[in-house]
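The substrate binding site annotation in TrEMBL covers Gln21, His122, Asn166, Tyr295, Trp402, Glu409, Trp410. Here TrEMBL flags Glu167 as active site, proton donor. Per TrEMBL, active site, nucleophile is recorded for Glu355.
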Amino acid sequence: MRDRRDLPKDFSWGVSTAAYQVEGAVGEDGRGPSIWDEFVARPGAVRDGHTGEFACDHYHRYAEDVALMRGLGLDGYRFSIAWPRIQPAGSGPANPAGLDFYERLVDALLAVGITPLPTLFHWDLPQALEDGGGWLARDTAYRFAEYAEIVAERLGDRVPAWITFNEPFVHMVYGYALGIHAPGRTLMLDALPVAHHQLLGHGLAAAVLRERGAQVMIANNLSPVWPASQEPADVAAAAAYDALHNRLFTDPLLLGRYPDLSAYGVAPDLGGCVRPGDLELIAGPGLDGLGVNYYNPTRIAAPTEPGGLPFAEAAIEGVPRTAFGWPVVPDGLRELLVGLRDRYGDALPPITITENGCSVADEPGPGGTVLDQPRIDYLAGHLDALAAAVAEGVDVRGYFTWSLLDNFEWAEGYEQRFGLVHVDFTTQRRTPKASYAWYRDLIGAHRVRHAR
Ligand code: GAL
């Protein structure tokens, strides 16, 4: 295999979005408040006071958005289901109007030959559950499984595979440890129960979904970790960071145990929240697929001050950067994928890239076109790296780019644009960018090649 043009025949092409980032319509059809509705109302929490109140108005414009996906020739669409639309207070009976919306969306996708790949939790917890402790509370895992059952009951006959959680690492660290995302808690290492309770929620929901014959995946944010030097202190710090970022949310699922967190002074029972039988539940019969969200590698050095975290983040120099300032290292994706295969061996299920993309400061030019060449370069480089990993024997089944549309980028509001399609947030006008045409042509050429 030389590059992206040689990916296997059955390789799937997709795009990803998430409910709070695109839907808007936060007060409609019985949706209850989520932790993000509460968080965005806090002064200073989100850049320029932006909120997801209207976002891309996808709730009303989903048919137009499905038409854009059809124009790309996609195989799959990864979106998330807003728990507060299904159970406005996080428990109890279903809100039929919420289920109806996702049914309309799923049916619209299937009608044009696009396979729905829903994520059940992409960070928008019902506020009522947060009031009871959120993911710090073990009970939330059980509520999650009930919610999964309600959704599967309605859509399970049309959805072949589900993603339980999106980036439980980011939700724990940004949401509960650092307070950058909702629910805005700043608990540092006391946030660790959030890891266990999300994973327990995954295990409980996975059992419910599997009973119905569905496939179960998770989408983990993973990053190759580079020690800043080969000095033992930097190497040890990198291993400690790797345990937190990569292993904490993947080892229990694939190996049935937590990684060594002794560098953090944390025992294997994560502060007492792991109960007998939990790890068996979390691992279950294994994952049907591992979703990998990859954006960039992380460079780690020994901590400069004693007594704090056992690592310090170091800058990656000499590479291009996205508008967000993230380093662009396409080969990091190959390194990550090969590293996962080497780490987990036979325990590693097939991989799907469930997110990869970049923000570009792109706006329509005089003729109305949006020339986002840096995004095309980013996607091409990462798909070549993916193809290189496949050539090295890693089983990668598909690629879902983040994102279809410019959308609400969490704490950055509407500042960072990740879409293949430009959105004017005043008029809601959608304008496919140059990268949209590039992706469409790449998918089309892949089909033609394999139709021969
Ligand atoms: C991921 C997240 C997405 C999106 C993306 C770009 O961490 O799952 O929702 O925001 O990053 O920052």
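Just so you know, glycine gets a Cβ as well, placed from its N, Cα and C.
Automatic prediction, not curation, is the source of TrEMBL annotations.
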**Item:** the residue listed as 'active site, proton donor' to Gln21 (substrate binding site) - Cα separation in whole Å
**Value:** 15
**Request:** Check Asn166 (substrate binding site) against DSSP and tell me helix, strand or coil, would you?
**Result:** strand
**Complete:** Here the recorded positions are Glu355, Glu409; the one whose Cβ sees the most other Cβ atoms within 10 Å is Glu355
**Request:** Enumerate same-chain residues with a sequence separation of six or more from Trp402 (substrate binding site) and a Cβ-Cβ distance below 8 A; give 'none' if the list is empty.
**Result:** Val15, Ser16, Asn293, Glu355, Asn356, Gly357, Phe418
**Asked** Around the substrate site recorded as Gln21, His122, Asn166, Tyr295, Trp402, Glu409, Trp410, what other same-chain residues have a C-beta within 8 angstroms of the site's C-beta center?
**Response** Ala18, Glu167, Glu355, Ser403, Asn407, Phe418
**Request:** For each of the binding-site residues (Gln21, Asn166), count the other CB atoms lying within 10 A of its CB, then report the residue with the highest count.
**Result:** Gln21
**Message:** Using a 10 Å radius around its CB, how many other CB atoms surround Trp410 (substrate binding site)?
**Reply:** 24
**Message:** Tell me the coarse DSSP state (helix, strand, coil) of Gln21 (substrate binding site).
**Reply:** helix
**Message:** Could you state, as a whole number of Å, the largest distance between Cα atoms of any two of Gln21, His122, Asn166, Tyr295, Trp402, Glu409, Trp410, the listed substrate binders?
**Reply:** 18
